[in-house]
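Asker: Relevant sequence annotations retrieved from TrEMBL are reproduced here:
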| type | residues | note |
| --- | --- | --- |
| TRANSMEM | 69-88 | transmembrane segment |
| DOMAIN | 69-200 | domain 'EamA' |
| TRANSMEM | 100-118 | transmembrane segment |
| TRANSMEM | 130-150 | transmembrane segment |
| TRANSMEM | 156-177 | transmembrane segment |
| TRANSMEM | 184-204 | transmembrane segment |
| DOMAIN | 222-352 | domain 'EamA' |
| TRANSMEM | 224-242 | transmembrane segment |
| TRANSMEM | 254-273 | transmembrane segment |
| TRANSMEM | 285-305 | transmembrane segment |
| TRANSMEM | 312-332 | transmembrane segment |
| TRANSMEM | 338-356 | transmembrane segment |
Amino acid sequence: MRPVDDTGAAKRLESGLPLVDIPPPGSRQESAATEVAETPGPGGCWQCPSLPCGSRAEQAEKKAPCPGLGLFYTLLSAFLFSVGSLFVKKVQDIHAVEISAFRCVFQMLIIIPCLIYRKTGFIGPKGQRIFLLLRGVLGSSAMILLYYAYQSTSLADATVISFSCPVFTSIIACIFLKEKYSPWDAVFTAFTITGVILIVRPPFLFGSEVVETDKDYSVHLKGAFAALVHAVFAAVTLVILRKIGTSVDYMLSIWYYVVAGLTECIIALSILGEWSLPHCGLDRLFLILIGLFGLGGQVFLAKAIQIEKAGLVALMKTMDVVFAFIFQIIFFHDVPSWWTVGGSLCVVASSIGAAVRKWYQSSK
């Protein structure tokens, strides 16, 4: 072979032709043979020429989730939420609004990178902003009220009353979303109201001796009322989320919740004059754990809903009440009264009944 001189290479560059070496005559046959060898046969694929694509697809197919994994996630979520509630009850020197503010700050540090990564923006679609704002204000208000209820009344009472949320959701959805309100829903509502009355024990029904025997009854009444308003606000929030649907990324919904909650907390703490850093190092640890366990509970609950039927998840979610009773007895040495036990059975029976009914309807 004759070497290509510099003048020939320069001419090819000037003419715009690519400067490549011309392969020798035998190399074309070798490359063609290689292409034939690498070309997949019938039913083959590029990654595995010798295997049919069907077997490759079977290998790539994901395995079905382990039976009961969704229920285990729900149980773990209920446990984490209950532990977070226990820490809220333990932190008595910090106002409930301030605890909510610390949780909002903690969640904001996580949500901002997620929004940037998902490229959803921080404002949302123009037609959905008012609903997002309402969701944020009502959802954060519900969180503050629940934390106040945990601090004011027993852990079990606040947890049980907050479980009346599904009943209010059915009523509000019937009014604003025109969803069907069946006679069964009315029965579940009656059970829930009965359970709440047994827990609160209003003097006009149970007599004035209830107030006289319970020295902290006024505080208990405030906590129970806060838990009830929390259930109403949480129900309205769920209806708003149904209205929004999938038109808005769920991370953006949480973003509005965090921003509105932090704004509410700052305004409320400025008015109350309760803003102060925790004095005890143990309280600071509790604040961090409240954020961690709350976030963990949300994550496992979301994973459970993805792989398990909503009815079964709702049934297992009632374990929150069981954990609340256990923690109240173990850590606070407070044995619930028979009124609380009876009211809890009514509320839990109502929640289970509603979940079973929805599960039955979805299985048809």
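Note that Cβ sites are derived from N, Cα and C of the backbone, with glycine treated the same way.
Given the structure is predicted, the values throughout are model-derived calculations rather than measurements.
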Asker: What does DSSP give as the helix, strand and coil breakdown of the domain 'EamA' (69-200)?
Answerer: 110 helix, 0 strand, 22 coil
Asker: Tell me the residue counts in helix, strand and coil for the domain 'EamA' (222-352), as DSSP assigns them.
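Answerer: Once the DSSP states are binned, the domain 'EamA' (222-352) shows 113 helix, 0 strand, 18 coil.
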Asker: Quick check for me: are there 3+ Cβ pairs below 8 Å between the transmembrane segment (69-88) and the transmembrane segment (338-356), leaving out pairs under 6 residues apart?
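Answerer: Between the transmembrane segment (338-356) and the transmembrane segment (69-88), which are separate recorded stretches, there is no contact, as judged by 3 or more close Cβ pairs.
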Asker: With contact taken as 3 or more Cβ pairs under 8 angstroms (pairs 6 or more apart in sequence), are the transmembrane segment (184-204) and the transmembrane segment (338-356) in contact?
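Answerer: They do touch: at least three Cβ pairs between the two stretches lie under 8 Å.
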Asker: If you average per-residue pLDDT over the domain 'EamA' (69-200), what number do you get?
Answerer: 87
Asker: Could you name the stretch, out of 100-118, 130-150, 254-273, with the greatest number of CB pairs under 8 A to the transmembrane segment (285-305)?
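Answerer: Answer is 100-118, with the largest number of Cβ pairs below 8 Å.
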Asker: When each of 100-118, 224-242, 254-273, 338-356 is checked against the transmembrane segment (130-150) for Cβ pairs under 8 Å, which one has the most?
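Answerer: That would be 224-242.
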Asker: Looking only at the recorded stretches 100-118, 224-242, 338-356, which one has the largest tally of CB-CB distances under 8 Å to the transmembrane segment (254-273)?
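Answerer: Per the Cβ under 8 Å count, 100-118.
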